[in-house]
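Colleague: As listed in TrEMBL for this protein:
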- 457-478: transmembrane segment (TRANSMEM)
- 485-504: transmembrane segment (TRANSMEM)
- 487-598: domain 'Phosphatidic acid phosphatase type 2/haloperoxidase' (DOMAIN)
- 524-544: transmembrane segment (TRANSMEM)
- 556-575: transmembrane segment (TRANSMEM)
- 581-600: transmembrane segment (TRANSMEM)
Amino acid sequence: MKPQDTLPFFKDGQYIGWSGFTGVGYPKMIPVALADHVEKHNLQGQMKFNLFVGASSGADTENRWAGLDMIDRRYPHQVGKNIQKGINQGRIRFADKHLSLFPQDLVYGFYTKDKPDNDLLDIVIVEATAITEDGWFVPGASVGATPELLQMADKIMIEVNTAIPSFEGLHDIVNCSLPPHRKPYMIMNVEDRIGQVAIPFDTDKVVAVVESDRPDCTGPNSPEDATSQAIAGHLIEFLEHEVKHGRLPENLLPLQSGIGNIANAVIGGLSQSRFKDVSVSQQVSNSPEVIRRLGCIAMNTPVEFDIYGHANSTMIAGSRMLNGLGGSGDFLRNAKLSIMHTPSTRPSKRDPHGISCVVPMASHVDQTEHDLDVIVTEQGLADLRGLCPRDRAQHIIDRCVHPHYRPLLQDYLDVATRICIKRGAGHEPHMLDKVFKMHTHLLEHGSMKIHACKDPVAYAMAYITLTPLALLVFYASVAVSRRELISLIMLLGQLTNELVNAVLKEHFQIKRPYGHLGTGYGMPSSHAQFVWYFTTFGSIYLLRHIQLTNPGWKKAVVGAMVAMSSLVSWSRIYLGYHTPGQVAAGSVVGIGYGVLWYVAMEVVRARGGIAWCLDTRMARSLLLRDMRDISNVSEWEYQHWLAARTKTKTKKASLT
């Protein structure tokens, strides 16, 4: 039968199963013919199917189906840009599942229980490399959930691929009984065989046999780079250490590696190590029983992991699906050694190190802290076995975190520990209002660097934001050197202004924005309130009461103070300490309080308060003075200095 002849069997809303696993052994001719039909007749969205595959399939099939809006539901694992886009746009209903559980759940009828007619898959399409004389099915380079899919099929279509050789004899197929009749898998070594070389199926269900000549469509792997080589180096050193101490045999234990470029590069690095005759477990796919009995060494690459050892394998920023859980949970939860390896950072659109793969808390958890033994990045390896949560966190920060993010995560751990221990909750310290700030900073700014290390503007803003400290030094120096009462009055206003800020923060209790990992409220901004009080009071006093020979200098000084206050205010926003609204509120309060304090000072002066203060014994002992009544202080002081200088010269001349 030709692929086009199978089209009448397909109807909108059907439940479809495919053979295949991680892009190999999947049907090609019939799915492509169906996609061509939909595209040719503009049936996008009008022929949608519920698709079940053992794992991911090829880009030429399911990814194209997703691009043509032909998938309504998809289980349990996928790879492809179009299908990921459809899932994250809400057009494709997707749920991932442990691959060891998906086949049995399929047979239980969990995925077809809502079908109105029966609990079978309407059509199952499989690729065969041969069909035996007994009428059994020989799959290609993968098995996956194919036996269970055939068992649950209402109709079966077979693509016999003549472009690849027969795989007869390669497989070890076991049909599993359902509980309570299930028996143990009698596998003690990777080489053991307990099943058949082919898959039995009901030939009466076959409605089409199609010849295929298309190879599997698998993309190339990225070449090894310095990062993956460093990860492999740390891992090899660790395994050699385990062998040396007798915790692993010379040829290790059966290895199981996840998919992806990093995983492939790490395996490539292991192939260059001194370990020989290494075995790889592939039988009775993902069975926890066999994984634990063989003592597998499981390795996988996460999206991210947190400082306590929880790993996220599936969800970017907690909500954007990547590929799915796959078999990572089966192996990492049951292996003798469970290892996660990843670069310490990944690039964002604006920063080559914009994403830290180590975060305070994973935005989605697939593998818990109870499942993982070892974390590896190019920075180093953290052996988490036997460590309590706080020790794990410190170990991960010291060994695995990129230098750009190490101070940030160390600060988070220190502050969280201090706060949580104080309230008696210090086992695994977290600040729930701060724990995802790195993620939200990435969404807002394109980088998790809350204080970007290579951002020259951030460097400048970091210095500018320290201006209030410089102003306090200015107050002290003026008070000591000038002995002007107005400097003390202005300083007193500055201090009460800070008290007002503290009261307002406690009243509003508005948190700081996403970019801050410290403690304390953020509304209004104390820095903005500080500098704008200084600028307001200082400008009014300068313009009204200080006379200069060149009046233009007063405008220049006022302009400089306004510019300084504006820069300090902007620095608080740029560095992520405050929102624009919090800074604006601080500025308004500072300006208002500066005006209010000046008016209050004038009222006190009018009622004789300043004169009374200057006449006190303390004021006289401190040599305090009020130069406001002198029209031009600079000229007056200069004339007195000239007179004193002339008098000194005259005195010296008379002595000679």
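First residue shown is number 1, and so on along the chain.
The backbone N, Cα and C atoms fix where each Cβ goes, and this holds for glycine too.
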Colleague: I'd like the per-state residue tally for the domain 'Phosphatidic acid phosphatase type 2/haloperoxidase' (487-598) from DSSP, helix first, then strand, then coil.
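Modeller: Split by secondary structure, the domain 'Phosphatidic acid phosphatase type 2/haloperoxidase' (487-598) comes out as 84 helix, 2 strand, 26 coil.
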Colleague: Taking pairs 6 or more apart in sequence, does the count of Cβ pairs under 8 Å between the transmembrane segment (485-504) and the transmembrane segment (457-478) hit 3 or more?
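Modeller: Contact between the transmembrane segment (485-504) and the transmembrane segment (457-478): present.
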Colleague: Excluding the flanking five residues on each side, which residues at least 6 beyond the ends of the transmembrane segment (581-600) place their CB within less than 8 Å of a CB in that stretch?
Modeller: 490, 493, 496-497, 500-501, 504, 510, 512-513, 522-537, 540-541, 565, 569-570, 572-573
Colleague: At a C-beta cut-off of under 8 Å, are there same-chain residues at least 6 beyond the transmembrane segment (556-575) that contact it? List them, or none.
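Modeller: Contacts of the transmembrane segment (556-575) (Cβ under 8 Å, skipping residues fewer than 6 from its ends): 450-451, 457-458, 461-462, 464-465, 467-468, 515, 525, 527-528, 531-532, 534-535, 538-539, 542-543, 582-583, 586-587.
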